[in-house]
Amino acid sequence: GSPVFIAFRSSTKKSVQYDDVPEYKDRLNLSENYTLSISNARISDEKRFVCMLVTEDDVFEAPTVVKVFKQPSKPEIVSKAPFLETEQLQKLGDCISRDSYPEGNITWYRNGKVLQPLEGAVVIIFKKQMDPVTQLYTMTSSLEYKTTKADIQTPFTCSITYYGPSGQKTVHSEQAVFDIYYPTEQVTIQVLPPKNAIKEGDNITLKCLGNGNPPPEEFFFYLPGQPEGIRSSNTYTLPNVRRNATGNYKCSLIDKKSLIASTAITVHYLDLSLNPXGELTKQIGDSLPVSCTISAIRNATVVWMKDNIKLRSSPSFSSLQYQDAGNYVCETALQEVEGLKKRESLTLIVEVKPQIKMTKKTDPSGLSKTIICHVEGFPKPAIQWTITGSGSVINQTEESPYINGRYYSKIIISPEENVTLTCAAENQLERTVNSLNVSAISIPEHDEADEISDENREKVNDQAKLIVGIVVGLLLAALVAGVVYWLYMKKSKTASKHVNKDLGNMEENKKLEENNHKTEA
């Protein structure tokens, strides 16, 4: 079109005149040094301007072209695919940058490297659109991409390259990382709990895994001896397994049965048989074979206990004694399998017929004699004291605790004449009777050593003390032998006497001649 005058300044009048041009209204400023400034620049300001100098002689012109630039917005990737599937050409997203002048160029990057179009693998479609009002451009670039597993966690970006007053510039978008879908190429199977710790009664869980993304959610599970698979989620549980569950287990994909995994499972078991078991009653002297039989998938340790004390070897009874009685436990375990142990018990009761031993001892004061009836038997025998001849029962007795099948009953008497005491011990097996002649208190006699109690059985006298005692005893025996014989002969002629007040009145003893035929203990 025709040139339009927009501003004039006279060198003499020092005044500025602006023509009435609507698009430049209030936007022009012509300075004293003839510099023209245009404020609030617009795209329409991009045109050719001419500075004219008019003199009396001539007209001079100096043209210039004004370029207008607008920096675009930072590019961003929109309409992003939720995931990328391998071997599929699909739209990855759009890179968009707005409000640019002039238009810019968009470039796509994979892991920082420029993506170039490649048939069937990389397709880039570029579009630009100008706003009719602002005359600014919006650039859009769509990327179609065939991904591979190598793109897992790989960043994609795009950039806008544009021109400004100082030259070419580039602005990059934020990174975008996509979830890569790929098919399963391998199947694995897991066993919970770990395979080396499975025992009878456990619940086994088979877990099948595929290495695809997303992982498969369903599988076929194959049990030993069953060709048909069981469709299930990625886990399958076998409750309360028995030893016949030992075997090979497999799993495969639903849609590709050739992708299969297998594992061997061993169900550990442990059987224990104790014969005899429970509670058993035997008599002393009996023989008793005992066997503890173990059946296991591998070697197992066997431990015998008696009354919570570990035995060195298996018990064997060719002739039962009372001390063999007790609670026996046979226990076995597989050390490598936690919790796999078995135990059986035998409570052995050894019955013993009552056995009696009687002892007597004179008090050092010489005023009384202690008579003790030592009894061994099981069940615990009842003890009864009587005076031979009169049949009187003695009730004033003192008993020791019943320990290990033994105890004793003790009486203290002061007989005025010779007497015979009877101790009877009775349990459900038998009644046993023993008698002991006791001289009158005035007649010295040989005392018998007390029975050593079980709890003190291991405490024996020192050998030196024993020898000294024997020597002293022999000397004393030689000294009193004559005296004892004289007193005894004298007493044998004496009429019948009465037993000490502690025993009460007793009936008259048999004739002295009959007593003389009894053997004194």
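Placement of Cβ uses the backbone N, Cα and C atoms for every residue, glycine included.
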Cysteine paired with C158, where Swiss-Prot records a disulfide bond, from C95, C251
C95
Taking Swiss-Prot as the reference, C251 is linked by a disulphide to which residue in C208, C292?
C208
Pairwise Cα distance for C373 (disulfide bond)/N437 (N-linked glycosylation site) [Å, integer]:
13
DSSP on the domain 'Ig-like C2-type 2' (271-347): how many residues come out helix, how many strand, how many coil?
3 helix, 42 strand, 32 coil
So which one is it: of the disulfide-bonded residues C208, C251, C292, C423, which has the fewest other Cβ atoms within 10 Å?
C292
I'd like to confirm something. Which of the recorded positions, N33, C251, N299, N418, has a Cα closest to the Cα of C95 (disulfide bond)?
C251
Do me a favour and check the Cα-Cα span between N299 (N-linked glycosylation site) and C158 (disulfide bond); whole Å is fine.
69
